[in-house]
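S.K.: Below you will find the structure I want to go over with you.
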Amino acid sequence: MIEFGNFYQLIAKNHLSHWLETLPAQIAAWQREQQHGLFKQWSNAVEFLPEITPWRLDLLHSVTAESETPLSEGQLKRIDTLLRNLMPWRKGPFSLYGVDIDTEWRSDWKWDRVLPHLSDLTGRTILDVGCGSGYHLWRMIGAGAHLAVGIDPTQLFLCQFEAVRKLLGNDQRAHLLPLGIEQLPALKAFDTVFSMGVLYHRRSPLEHLWQLKDQLVNEGELVLETLVVDGDENTVLVPGDRYAQMRNVYFIPSAPALKKWLEKCGFIDVRIADVCVTTTEEQRRTEWMVTESLADFLNPNDRSKTVEGYPAPQRAVLIARKP
């Protein structure tokens, strides 16, 4: 059973304590009403994992845990089997006592692109919206964050996060809540808010930007990473039924248009930090994610186009500040 009591106790003692006015009731409702049909199977996989305290833990350069003496073949097989019960693994990679989870996305590459542009994370309280399995939460802790909170309603991601946490010695510096941002009150409590790979899934992208702003303290920093297209500040792609085989893609602006959106929502010091094309080396099928991936979503005769004929995915990182 995945519990959230440790998080409640933690925030009761800090500037997030006002969140306790709504959060426990929301989580209780989720536990009663909204659990996925496979959730018990997934949570059992987490429960059956061994409790291990790492001898060496690296969250600065990767997410890697090692034991002082190698685990037995039986222990490794048990961990490997239980983690494979939580497939597909999309965001990573993780290296846990000799079990290497080669995820669909090289999320470490994204982190390497983003990190040089951030304000120092040391001592910060961070919110990561749409955090997936929580890979970047651990990297935020490795970069010095005091507390990293992720929200993502996908319940498999919650179980993946809790599995990794257990194998990292039940580390309580990062937490994942099975919520969407629309369920959060205007906390105005986070020093840095990340939204990476979310905006294009929102029917109302400007509303999403306002929601992100409502989570930041004054002078707080927003890190926004999303799909973009080439063009000027008036360029926005509105795909038809699908984009790269995804149904739930609504608006893909140019980076200059996105900068304008952020300014319209009241952010200041907005800058385009990075723009890069997503490659089939960064997003691909692996033995931990065996279904279709980026290579299957591109036109086989013209890799600069999706199968629908749109520009192939490229992603931008924008940094902005709440006044």
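For all residues, glycine too, the Cβ spot is worked out from N, Cα and C.
As annotated by Swiss-Prot, carboxy-S-adenosyl-L-methionine binding site applies to LYS91, TRP105, LYS110, GLY130, ASP152, PRO153, THR154, ILE181, GLU182, MET196, TYR200, ARG315.
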S.K.: Most Cβ neighbours within 10 Å: which of the binding-site residues LYS91, LYS110 is it?
M.R.: LYS91
S.K.: Name the secondary structure element type, per DSSP in three states, that contains THR154 (carboxy-S-adenosyl-L-methionine binding site).
M.R.: coil
S.K.: So the record assigns LYS91, TRP105, LYS110, GLY130, ASP152, PRO153, THR154, ILE181, GLU182, MET196, TYR200, ARG315 to carboxy-S-adenosyl-L-methionine. If I measure every Cα pair among those residues, what is the longest distance in angstrom, as a whole number?
M.R.: 26
S.K.: For the binding-site residues listed here (ASP152, GLU182), which one has the lowest count of neighbouring CB atoms within 10 Å of its own CB?
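M.R.: So among ASP152, GLU182, the binding-site residues given, the one with the fewest Cβ atoms within 10 Å is GLU182.
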S.K.: For a quick check of understanding: among the binding-site residues THR154, TYR200, which residue's Cβ has the most other Cβ atoms within 10 Å?
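M.R.: Comparing the binding-site residues THR154, TYR200, the most crowded Cβ belongs to TYR200.
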S.K.: By the DSSP assignment reduced to helix, strand and coil, which category contains GLU182 (carboxy-S-adenosyl-L-methionine binding site)?
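M.R.: The residue in question, GLU182 (carboxy-S-adenosyl-L-methionine binding site), is helix (DSSP, three-state).
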